[in-house]
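A short write-up of the structure that comes next.
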Amino acid sequence: MAKLYFYYSAMNAGKTTHLLQSSHNYRERGMKTLILSSSLDNRFGRGVVKSRIGIQSESIVFNQSENILDLVNQQAAVDCILVDEVQFLSKAQVYQLTEVVDKLNIPVLAYGLRTDFQGELFQGSQYLLAWADELRELKTICHTGKKATMVVRIDDNGKAIKSGAQIQIGGNERYVSVSRAEYKRIFHDEGSIKPSQISLPLEDI
């Protein structure tokens, strides 16, 4: 029986790497996968899903008003659907993913952030937490050594940005994954933080 899986984490936990590895596992066994990505995330170009360690794959791009069930029905038969950056989905699109599972009997692996820079749930993540069959946390580490569960948006001085649009595409230069305790410290102006994530893929090691 097909299921809807939600793999969630803070940033830099390897969500896209996990997605691409899962797709590879299916394809290695002669099965067809379909990778979907939001038009909002164009960091690596349109129709490209790329991990921080350098591996990538082509994807089919959808916008926020597109019907994902219709999009899947337009494709040739597939064995698994993988969706990157699902925090950008609307409530209706998450429901459409449940329809892909329940009506088409195709497993869906959805990957994304749980909360935004203010600690609030993204709409897509909210309904995946409510409706997914399986919830799986991908873990990463705060610079304090604790598990990182939150994301802080910072300015050029390493101070927390507390307001602004929920969706603002950026990478390690703008967002840092931290523990809840560290998030509160930075967000309440009790300190600052500099991005310390090294650039990947690594070269000349």
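Including glycine, each Cβ sits where the backbone N, Cα and C put it.
Per TrEMBL, these features apply:
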ACT_SITE  E85  active site, proton acceptor
BINDING   S9, A10, M11, N12, A13, G14, K15, T16, D84, E85, V86, Q87  ATP binding site
BINDING   I167, Q168, I169, G170, Y175  substrate binding site
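On the structure: features taken from TrEMBL.
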residue	record	DSSP (3 states)
S9	ATP binding site	strand
K15	ATP binding site	helix
D84	ATP binding site	strand
Y175	substrate binding site	strand
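When the C-alpha distances from Y175 (substrate binding site) to the binding-site residues S9, M11, K15 are tabulated, the minimum falls on M11. Separation of the C-alpha atoms of K15 (ATP binding site) and E85 (active site, proton acceptor): 9 Å, rounded to the nearest whole number. When the record's ATP-binding residues S9, A10, M11, N12, A13, G14, K15, T16, D84, E85, V86, Q87 are compared pairwise by CA position, the greatest distance found is 15 Å. For A13 (ATP binding site), the Cβ neighbour count at a 10 Å cut-off comes to 21, with all displayed protein chains included.
Counting only residues at least six positions away in the same chain, the Cβ atoms of F6, V94, A110, Y111, G112, G124, S125, L128 sit under 8 Å from the Cβ of V86 (ATP binding site).
For the pair M11 (ATP binding site) and the residue listed as 'active site, proton acceptor', the C-alpha distance works out to 11 angstrom.
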